[in-house]
Amino acid sequence: MKLCILCAKQRAVLKRPKTGQQICQACFYHVFETEIHHTIVDAKLFRRGERVAIGASGGKDSTVLAHVMKQLNEQYDYGLDLFLLSVDEGITGYRDDSLETVKRNQQQYELPLKIVSYGDLYGWTMDDIVREVGLKNNCTYCGVFRRQALDRGAVMLGVDHIVTGHNADDIAETVLMNIFRGDIARLGRCTEIVTQGESSIRRSKPFKYTYEKEIVMYAYFKKLDYFSTECIYSPNAYRGYARTFLKDLESVRPSAIVDIIHSGEAFEIKSTVKMPSQKTCERCGYMSSNDTCKACVLLEGLNRGLPQLGIGKESRVVSFCY
């Protein structure tokens, strides 16, 4: 019987994807949670008394995030008021089912829940959008609308901060996508653990250095209640190709994920490169690098029957599914 390399008492039941260590279940829980706590503390993500919304989709990442945030908040006395915030994109057979998981999570973790929908905010659901534009550029619409919807939901809740379940794999994929696209502006900020949203609402990623495989293992061993089906509209998403490439790298070099993140952090943009300045959308008041924000441009295209309006080389959008 092989003993846990950390405690040398219990039988090793798993091999950590991140380090290759063979450890017991109890030690896995401890190192997983402690590493996230250290990420939070080292980056000074929170201030006592903050109202924090957890982006909740019902998937493994957001479910584990809600579980761990509630536990760490109590264990280390962060002093946070936690909420669940979900976006209903209007995807029949996918989001309606996953939201049922979120509602169960609300009861399990005893956290207030707010759900905002594309239908209410924009007058269009993703089912409507896909019928109009097809499956080629639908992820662009969803990514732009979801980001704004989260911020608008946060304003409704009166929170100071949104945390999302973006993990190390997600961030490494985004670094690769921005390199492949030559998107210097987003490459310069995609590895930031904290970004600013609408109305001074901060966004952060406590799972920045947490491997996806370890999140899955944590959810499995803890028997957490989560929804595991992939979005029915994303099989052709560009991110999928970056994900496959990253998995191939990870199979021969497990540290590749964190190595790519550190490489992204180390990129320096020349002072001669012109970067977009942040403005306020003249139509909706949302932050934008142009006079009209991306969401309003896309929405105008839909309403005018011109769905390709705002889609093109000048419209480089890299989106996360939270």
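Glycine too: its Cβ is placed from the backbone N, Cα and C atoms.
A TrEMBL annotation is a machine prediction, not a hand-curated record.
Feature annotations, reproduced from TrEMBL:
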{"type": "DOMAIN", "residues": "52-243", "note": "domain 'tRNA(Ile)-lysidine/2-thiocytidine synthase N-terminal'"}
{"type": "BINDING", "residues": "Gly55, Ala56, Ser57, Asp61, Val87, Gly165, Asp170", "note": "ATP binding site"}
{"type": "DOMAIN", "residues": "280-309", "note": "domain 'Cytoplasmic tRNA 2-thiolation protein 1 C-terminal'"}
Here the 10 Å Cβ neighbour count for Ser57 (ATP binding site) comes out at 24
Protein Cβ atoms within 10 Å of Val87 (ATP binding site), excluding its own
26
Determine the Cβ neighbour count for Ala56 (ATP binding site): the number of other Cβ atoms within 10 Å of its Cβ.
31
Summarise the model's confidence over the domain 'tRNA(Ile)-lysidine/2-thiocytidine synthase N-terminal' (52-243) as a mean pLDDT value.
93
Looking only at the domain 'Cytoplasmic tRNA 2-thiolation protein 1 C-terminal' (280-309), how are its residues distributed among DSSP helix, strand and coil?
10 helix, 3 strand, 17 coil
What's the most sparsely packed of the binding-site residues Gly55, Gly165, counting other C-beta atoms within 10 A?
Gly55
Largest separation between Cα atoms (Å) of residues that the record links to ATP, namely Gly55, Ala56, Ser57, Asp61, Val87, Gly165, Asp170:
19
